[in-house]
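Novice: After the C-alpha cells below, expect a handful of questions from me.
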C-alpha cells in the first residue's frame with residue numbers, strides 16, 4: 001500500500017457542526033459574509049445551466065421577502081393576542097362582564113343596549129363587590145374591591161415568575177440588551193428559541209395584567225425576534241449563516257416596535273439607531289415591509305383596539321407658540337435628570353440583586369414588589385388604571401363632553417367656537433387630579449426602579465412615558481392657569497389674550513413623555529418619529545425634538561450610557577459600542593496576549609504535530625481558536641483554526657477514517673510532508689483553516705485596532721512583528737482594555 005493511498009484528504013465534504021459556534025461565543029462576521037458571497041456566486045453560475053437552477057435562483061432571491069411576510073404575520077398575531085388578553089385580564093382585577101366573562105370593561109359597555117350617563121358604569125359590568133355583596137357602595141364594598149384587586153395582581157405576577165423560573169429563564173426582563181448583543185454577533189443559545197417565545201408570550205400578559213410598573217413594548221421586540229429566529233430555520237441560507245440571520249433579526253426588531261406602538265417607520269429607525277449592529281440597505285426595506293405587515297396584522301385581528309391606526313390619538317386645537325419652547329426644554333431637562341437617576345438607581349439595585357441573597361429568591365421579590373405596587377395603586381385612580389390608559393388620559397385635550405377630573409374646569413362657554421374651549425379657571429376636579437397625579441408621579445418614579453429587571457417580562461417604554469406624561473400634564477396645567485390669571489404679563493401678551501385657548505396641557509404631557517423616554521434610552525430621531533406615529537401629531541415634531549435632544553444632552557452629561565447599554569455592561573456581555581470614541585494612545589502590543597512573564601502563545605504547527613499533540617492542546621486550554629505557524633522556531637503565520645472545528649474534525653476522523661491513530665500527523669498544507677512508508681495515515685485539515693486571518697503589527701495604535709473590531713465585527717486579530725507571530729487580541733481583550741482605561745472593572749466582561 002503506497003503512502004498516497006494511506007493518506008486521506010479529509011473534509012472534502014463539510015462535516016455537520018464545522019463552521020458553527022459554541023454557546024456564549026462571537027461569530028466571525030468576515031467568514032460568514034464570505035460564505036454567503038460564495039453561495040450566491042454558486043447559485044448565480046448554476047442558474048445559467050438549467051431552468052430548474054434558474055427557478056432556484058429566483059426563489060432564493062425572493063425568500064427574504066417571504067420570510068419578512070411570515071415574521072410580520074406571526075409577530076402581529078402574537079401581539080394582538082397579548083393585547084387582547086392583557087386588556088381583559090387587567091379589567092378582571094376590578095370586575096367582570098355579565099354579558100360574557102370574556103369581554104373586557106370597554107367592550108362590555110359597547111355591547112350594552114341600556115342608556116347610561118357614566119361611560120365607566122354600564123349595567124352589564126359588575127365590580128366584585130356588586131357581584132358578591134349585591135351593591136358597590138360603602139366601606140365594606142370598597143375593602144372587598146381592594147382585596148380582590150390585590151389578590152388578582154399577586155396571582156398574575158406569581159404565575160408569571162413561576163413559569164419563567166420553571167420553563168424559560170431567558171423569558172424575563174426586556175430582552176433588548178440581549179438582542180443588541182446577539183445582533184452584534186454574540187451567541188446565546190435558547191434566548192430566541194420556541195420555549196422562550198411561548199413562555200414570554202404567556203408571562204407578558206400576566207405581568208402586564210398584574211399592574212406592575214412595566215410595559216409590554218420592549219418584550220414585544222424580544223417576541224418578534226424569537227419569531228424571526230424560529231422562521232429562519234425554514235430557509236437554508238438563513239439557517240446556516242449567522243450573519244444573514246442577524247439581518248433577519250434586525251427586521252424582526254423593527255416589526256416588534258411596530259406592533260408595540262403602531263409605528264412602522266419608527267420601528268425601522270429604532271432598529272437602525274438603537275439595536276442593530278449591521279444594517280445594509282436591503283435590510284432597511286425588508287424591515288419596513290415586515291413592520292408594515294406586523295402593524296396591519298395586529299390592527300386587523302384586534303377588534304377591541306382603537307379604531308384608528310395610532311395608539312394615543314391626539315387632536316389639539318391650537319398650535320404651540322415659540323415661547324412655549326422654554327417649558328418644553330424644562331421638560332427635557334427633567335427627562336434627562338430622571339433618565340440618569342433611574343439608570344444609576346436601577347443598575348445599583350440590579351447589582352445588589354446579583355451579589356446578595358436577594359437574587360436567590362426571585363419569586364419572593366416579585367411577590368413583595370407586586371404587593372407593594374397593588375396596595376399603593378388601588379386608592380389612586382391614576383395608578384389603578386393601566387399605564388397605557390393613563391397616558392391616553394394625560395395626552396387628551398379637554399372637550400365639552402369630557403367627564404374626566406382633568407377636565408373639570410369652571411365653565412364659561414361664552415367665547416366657545418366649535419370644539420375650541422378657552423383657557424378657564426381650574427375647578428375642584430382639576431385640583432384633586434393634580435395632587436393625585438403628583439402622588440402617582442412619586443410612586444412610579446421609585447417603584448419602576450425596583451420593577452425593571454425582575455424575573456418577569458418587563459418593558460420600560462410605557463413606564464418612562466407615564467412618568468414624563470404626568471410631569472408634563474402638571475406643568476401644562478400650571479402654565480394654563482398662569483396664562484389665565486396673568487394674561488397681561490409680558491411673556492403672554494401678544495399671543496395669549498383673556499378668553500383665548502393658548503395652552504394645551506395634553507401637548508405638555510406628550511412632550512414630557514418623549515423627554516423621559518429619551519432620557520432613559522438616549523433615543524433621538526427614532527423617538528420623535530415613534531411619538532409622531534403614536535399620536536398622529538405631525539405639527540409637534542419641533543417641541544418633541546427640542547425635548548428629546550435636551551434630555552439626551554442632560555443625561556449624557558451625567559452618564560454616557562443608556563439603560564440598555566448599562567444592562568449589557570452589568571451582565572458582562574461582549575458588546576463593542578460603535579458610537580463611542582477611543583482616544584487613548586496605546587498600542588496593540590500593550591493589549592495583546594501573552595503579556596510579559598506569561599507562558600508563550602499556544603500554537604499549532606502546519607505539518608509536524610500528531611493527533612495526540614493537538615488533542616492535548618485542546619484538553620489543556622479553553623481558547624476559542626489557535627494560530628497555525630510553519631514551525632515553533634520560525635513562528636511564521638500560516639492561518640487560524642477554530643477550536644470547535646478542530647474538535648469535530650479530529651473526532652470524526654478517528655471514527656470514520658481508517659488508519660487515524662494518536663501518532664497520525666495532522667497537516668494544514670496542500671501537500672503532505674515527507675514521512676517514512678511505515679507511518680500511519682495522515683490527516684489533512686486544510687479545509688478548516690482560515691488562510692487570511694486579520695493581522696496587525698505590534699506598533700498599530702489601539703485606536704485603529706478598536707475601529708477594525710467595530711467595523712469588521714472581528715472575534716480576534718493576530719499581532720505580528722516583521723512577519724513573525726507575537727500574540728493575539730480578542731474582542732474580550734479590547735473590551736477589558738476599554739473598561740480599564742475608563743476606571744471600570746475589567747473582569748466585569750464575562751464572556752468572550
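We count from 1, first residue shown onward.
Cβ atoms here come from the backbone N, Cα and C positions, even for glycine.
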Novice: Which is it, of 62-82, 83-103, 104-124, that TrEMBL names as transmembrane segment?
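Specialist: Spelled out, TrEMBL records transmembrane segment over residues 62-82, not the other listed ranges.
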Novice: Which stretch, out of 248-272, 273-297, is listed as transmembrane segment by TrEMBL?
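Specialist: Feature transmembrane segment in TrEMBL: residues 248-272.
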Novice: TrEMBL lists transmembrane segment for one of the ranges 37-54, 163-180, 343-360, 361-378; which is that range?
Specialist: 361-378
Novice: Labelled transmembrane segment by TrEMBL, one stretch among 220-236, 305-321. Can you tell me which?
Specialist: 220-236
Novice: In TrEMBL, which of 322-341, 382-401 is labelled transmembrane segment?
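Specialist: Range annotated as transmembrane segment by TrEMBL: 322-341.
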Novice: Determine which recorded stretch among 248-272, 322-341, 433-454 has the most C-beta pairs below 8 angstroms with the transmembrane segment (195-214).
Specialist: 433-454
Novice: Return the stretch with the most CB pairs under 8 A relative to the transmembrane segment (433-454), choosing among 62-82, 220-236, 248-272, 361-378, 460-479.
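Specialist: Highest pair count goes to 460-479.
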Novice: For the transmembrane segment (62-82), give me same-chain residues lying six or more residues beyond its boundaries with a C-beta closer than 8 angstroms to one of its C-beta atoms, as numbers and ranges.
Specialist: 201, 204-205, 208, 216, 220, 223-224, 227-228, 231-232, 234-235, 237-238, 248, 251-252, 255-256, 259-260, 282, 286-287, 289-298, 301-302
Novice: Does the transmembrane segment (322-341) come near the transmembrane segment (460-479), with 3+ Cβ pairs under 8 Å (pairs 6 or more apart)?
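Specialist: These two stretches do touch.
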Novice: For the transmembrane segment (139-161), I need the partner stretch with the highest count of C-beta pairs below 8 angstroms, choosing only from 220-236, 248-272, 361-378.
Specialist: 361-378
